[in-house]
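Working notes, beginning with the structure itself.
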Amino acid sequence: MTLTERLREKISQAFYNHGLLCASYPIPIILFTGLCILACCYPLLKLPLPGTGPVEFSTPVKDYSPPPVDSDHKQGEPSEQPEWYVGAPVAYIQQIFVKSSVSPWHKNLLAVDVFRLPLSRAFQLVEEIRNHVLRDSSGTKSLEEVCLQVTDLLPGLRKLRNLLPEHGCLLLSPGNFWQNDWERFHADPDIIGTIHQHEPKTLQTSATLKDLLFGVPGKYSGVSLYTRKRTVSYTITLVFQRYHAKFLSSLRARLMLLHPSPNCSLRAENLVHVHFKEEIGIAELIPLVTTYIILFAYIYFSTRKIDMVKSKWGLALAAVVTVLSSLLMSVGLCTLFGLTPTLNGGEIFPYLVVVIGLENVLVLTKSVVSTPVDLEVKLRIAQGLSSESWSIMKNVATELGIILIGYFTLVPAIQEFCLFAVVGLVSDFFLQMFFFTTVLSIDIRRMELADLNKRLPPESCLPSAKPVGRPARYERQLAVRPAMPHTITLQPSSFRNLRLPKRLRVIYFLARTRLAQRLIMAGTVVWIGILVYTDPAGLRTYLAAQVTEQSPLGEGSLGPMPVPSGVLPASRPDPAFSIFPPDAPKLPENQTVPGELPEHAAPAEGVHDSRAPEVTWGPEDEELWRRLSFRHWPTLFNYYNITLAKRYISLLPVIPVTLRLNPQEALEGRQPQDGRSAWAPPESLPAGLWEAGPKGPGGTQAHGDITLYKVAALGLAAGIVLVLLLLCLYRVLCPRNYGQPGGGAGRRRRGELPCDDYGYAPPETEIVPLVLRGHLMDIECLASDGMLLVSCCLAGQVCVWDAQTGDCLTRIPRPGSRRDSCGGGAFETQENWERLSDGGKTSPEEPGESPPLRHRPRGPPQPALFGDQPDLTCLIDTNFSVQLPPEPTQPEPRHRAGCGRARDSGYDFSRLVQRVYQEEGLAAVRMPALRPPSPGSPLPQASQEDGAAPEKGSPPLAWAPSTAGSIWSLELQGNLIVVGRSSGRLEVWDAIEGVLCCSNDEVSSGITALVFLDRRIVAARLNGSLDFFSLETHTSLSPLQFRGTPGRGSSPSSSVYSSSNTVACHLTHTVPCAHQKPITALRAAAGRLVTGSQDHTLRVFRLEDSCCLFTLQGHSGAITTVYIDQTMVLASGGQDGAICLWDVLTGSRVSHTFAHRGDVTSLTCTTSCVISSGLDDLINIWDRSTGIKLYSIQQDLGCGASLGVISDNLLVTGGQGCVSFWDLNYGDLLQTVYLGKNSEAQPARQILVLDNAAIVCNFGSELSLVYVPSVLEKLD
């Protein structure tokens, strides 16, 4: 067993056990799932409800003044200002954005030195801001006069009293953690602990105290022991009550003068006004709510077609709850991890969750309802999950692989989308496995088996398409009707689509192909590829710079890499470069401080990194507040009992401050315990975690090497994952038996396929067929040309029927018996007995005359067989107590007297019958059929009207052994019947008159097969030879001649051995040794004749000149059946159970397939399928172009060869007293038609499809004429 098979088995077993668990304990699992949903949705309280997010409006800073309170616009005048933009805001927010770094980085610096010195400068900056005073002609303005004065905090915030300002200006900075006391900060040995002591015990959330004081999200601050960034970012937040433009301008100018930012190009042009809503905006909810309503309606109306579901609306509601809970859990978990769903991917994310969740619901529902309904509920759930386990895990693994690749693209938008997608997939998988599966088990448990049996026939566990309205007679017959005659073996679902209601076909198509998920995955891959190709992060440029700087020629041997000025402008660097660590070396164009270049070029002894981490500014720094939680400002003002509902605040342009700190200052500002505490890097960790990179030439650390190696490692990992993904897609799309015939699908009974595997039960009807009776023994040969039907039984009797009405037109008796029309039920050979009793008198008898010896008047009409016989009921002995002496007897013959074969010995009834004949006034009768004549005794001759002329060598009467031989083959065209006998005799009969037109008995070898095509007759013989005959006739072979009904008792006027004046048969060609053994199959089409023999070969002849074109070898057994059509497609089947397809034009074998366990008994083709049957009573349908088996139909015993093709997409098969119609394209059972009680015990041995959409079924000695139901004609 391979690794894949073992893994698949373990996954299947795990899902099976999980299904048992969910179905066994549904209530506890639903309660547990509900608690998990509530726990994961708890962080949603920190998010705005849909439609309640803040709304923004921007105005220029220049000439800004607060809008008036009564700002009424003229009626009809368009206004760009929103309605809420009236009056002064609650407050003006001014953020001083500080970026600081210690440079150059020394080798003996600790990790705590990254943020201790930058944070200590916050106290100095706060002091500078508080001491700033504006002096102008109007006087002086200080911060206390323009800032927002706050009072006490809310009573419930006692733990924050020493951290947030009270009774003064609302000014926030990281120094608030230490009450703005530098000494307290300097004495703190655990800065990280102090910052995080007020954080929640769970994962970091938005709008925490750290975010309020730092003014930036925690991951952007750089305050961490394990960060690779050496830049610390924070803001000093000032809240003003009134807008004073001069004070703000002077404050900005002073800070930028004291702490310049040369490479900063942040724009200070606009104020952003943010309005906070109070009520839910219904308009924003309409699209999403409409989507979920449509989802509910679609699932509900679709599940109405699934009868295996008890509560349709309950299942639809459970599906909607599953999808909605998955969405809420995803957003809640993202919020818990600090991800605020504000990007474009987050906006489209609810709709992606709907699509993916809908498909997973459909997959589980389809899998569970397709399990056998007679199993216990928990076993059905377990089997359903187990059957889809591998598919579910493959899809989840594929999606996670794509997400992993996307995360390593280093593009922020893709990374954030991938994080959302991971959380969404995990939450959706959890809910599908626990919540929806459990709800489905509860629903199916309600669908009790007793409730099903009320609507289902006993022989199948399928819901009836029309459960009501059955007549009482139909219900009674259900108890005695045999089981379903078919067992259908279906290939994997990729090869077929069942004919279902359109809703279910759409649902199961989505569930089977997972189209939406695959389209989403493909779209994600394309999106990631486009972003990587366009290189928004500048990765290729960065790598090129790294390769240039790492050249073995040294840094001085190569000049700076020429980059066009439009690519990396010095004044406004590309914002995408902000994703690189600040310590990564930049191109010379970005280094705008020329005074530092000589210092960097000559590294000093003991310096760890010669380059200072460049502090860069980008446009994203202008509105850093957007990365904060939307509750950031409402939370801050709520602490002081100030509400922002239905009000707005104004955010002033950010003031950038850059701090470049000396390493010596970092060493001087270090706390004494820092060297002995956990700040020092442990020896067990690699130096690369703390240091920038390995040492380069000259003792320096080449940090670029680590980055280059990291990118190479990520690229290698992404390549490996991509290869594995392609392999998985190949295994998913290409089955294991791709290109190989047949499949490994196990054969199952119909009871194991509830509702035909997809909730659809084919209808069952019962009709009274047109029964054609008249044969005494089993019918062996059938032939038809569309208008006439010819049948021959083992007794040698040939009957001609009208295929339209079912009337018997004439009978051709076995030689020696009198031919009669079809008014009676058997040959009237009794007249021969009467003539024998009259001493061999051969007087002619006119048609319609009664026998001359009939004297007794008859009572009620009796059957024609006993119409001229006395009443023998008095001879019946009902005294069964008397023991008669035993006499040697033999079994009674199955046929009536005079129908062909005489008995050698038996009981002599003449002693009993002779007395009755004498009483009736009839002469003594000899019983020649019961007393065989002695050899050499002369036999009385019948008249010429009896069909046998009194010539020498004429055949004996019916009770004597026939020298003409039995009929082995039969063909019909027009009004001519060609008969091939075992004696080698070829006969041509008139189908209407029953007259022998011509015959040929030159060869004594029996005729095993015949072809009658375009006035050419080809006879295949037992000795392997072929005879080609040409038929000449002066009359048309048009079927219009059949309209007249011949008169009864008409007989030929000439001898059976003489040729007719209108029809002549001439032997044109003979192939004496066409095969070495008897020919068993013969077909002709498109000017070609194909023969199959027991010598394992086929031969192709040209029909016009009997020239042998090809000898085809490919079977390992005798050929049993051959098919050829006008398109020159040749198929053959043999005793080896194989089917071969051949190219008639070249003689080459196209395909070879082992189809049956035994002989192939029948073979036919359509434009797209090859249909075969065998002695194993199995009907196989194969794809004609690929040779792959589509499905199999298991027939009843003895019905294996009973099949017929009505059209290219309609197949009819026979069973025990019924015929079934199948859709060849889809492989589903369309309808089963029962042929009444008389045929229930008889298997349909042979089916012949006529041109008028009628079907002739051979039930032994009777034929049933069935017309195709109208519903099938519509489908066709």
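Here the Cβ of each residue, glycine as well, is placed from N, Cα and C on the backbone.
Look at Swiss-Prot and you will find 1-18 (among others) tagged as topological domain 'Cytoplasmic'. Counted with DSSP, the topological domain 'Cytoplasmic' (1-18) comes out as 16 helix, 0 strand, 2 coil.
The list of residues near the transmembrane segment (19-39) in space but at least 6 beyond its ends in sequence, with Cβ under 8 angstroms from a Cβ of it, reads 325, 328-329, 377-386, 430-431, 433-435, 437-439, 441-442, 445. For 19-39 (among others), the entry in Swiss-Prot reads transmembrane segment.
If you look up Swiss-Prot, you'll see 46-284 marked as region 'Loop-1'.
Counted within 10 Å of its Cβ, the other Cβ atoms near Asn263 (N-linked glycosylation site) come to 19, all protein chains included. In three-state terms derived from DSSP, Asn263 (N-linked glycosylation site) belongs to neither a helical nor a strand segment and is classed as coil. As annotated by Swiss-Prot, N-linked glycosylation site applies to Asn263 (among others).
Annotated transmembrane segment per Swiss-Prot: 280-300 (among others), in sequence order.
The topological domain 'Cytoplasmic' annotation in Swiss-Prot covers 301-312 (among others).
According to Swiss-Prot, the feature transmembrane segment maps to 313-333 (among others), an assignment based on sequence analysis.
Under the heading transmembrane segment, Swiss-Prot lists 345-365 (among others).
Looking at the topological domain 'Cytoplasmic' (366-401) alone, the prediction's average pLDDT is 81. Marked as topological domain 'Cytoplasmic' by Swiss-Prot on the basis of a curator's inference: 366-401 (among others).
For 402-422 (among others), the entry in Swiss-Prot reads transmembrane segment, with the evidence type sequence analysis.
Annotation source Swiss-Prot lists transmembrane segment at 424-444 (among others).
Swiss-Prot lists 445-518 (among others) with the feature topological domain 'Cytoplasmic', giving a curator's inference as the kind of evidence.
Positions annotated as ubiquitin cross-link by Swiss-Prot: Lys454 (among others).
The feature ubiquitin cross-link is assigned by Swiss-Prot to Lys466 (among others).
As annotated by Swiss-Prot, transmembrane segment applies to 519-539 (among others).
For Asn590 (among others), the entry in Swiss-Prot reads N-linked glycosylation site, with the evidence type experimental evidence.
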Beyond the flanks of the transmembrane segment (709-729) by at least 6 residues, Cβ under 8 Å:
394, 397-398, 401-402, 404-405, 408, 539, 543
Mind tallying the topological domain 'Cytoplasmic' (366-401) by DSSP state, helix then strand then coil?
29 helix, 0 strand, 7 coil
Excluding the flanking five residues on each side, which residues at least 6 beyond the ends of the transmembrane segment (424-444) place their CB within less than 8 Å of a CB in that stretch?
18-19, 22-23, 26, 29-30, 32-33, 36-37, 40, 308-311, 314-315, 318-319, 321-323, 325-327, 329-330, 333, 349, 352-353, 356-357, 360-361, 364-365, 368-369, 377-378, 380-381, 385, 392, 396, 399-400, 403
Distant-in-sequence Cβ neighbours of Asn641 (N-linked glycosylation site), under 8 Å, six or more positions away:
Leu154
For the topological domain 'Cytoplasmic' (1-18), sequence-distant contacts whose Cβ falls under 8 Å of one of its Cβ atoms, 6 or more beyond its ends
382-383, 385-386, 388-390, 392-393, 433, 437
In the repeat 'WD 7' (1194-1232), how many residues does DSSP call helix, how many strand, and how many coil?
0 helix, 22 strand, 17 coil
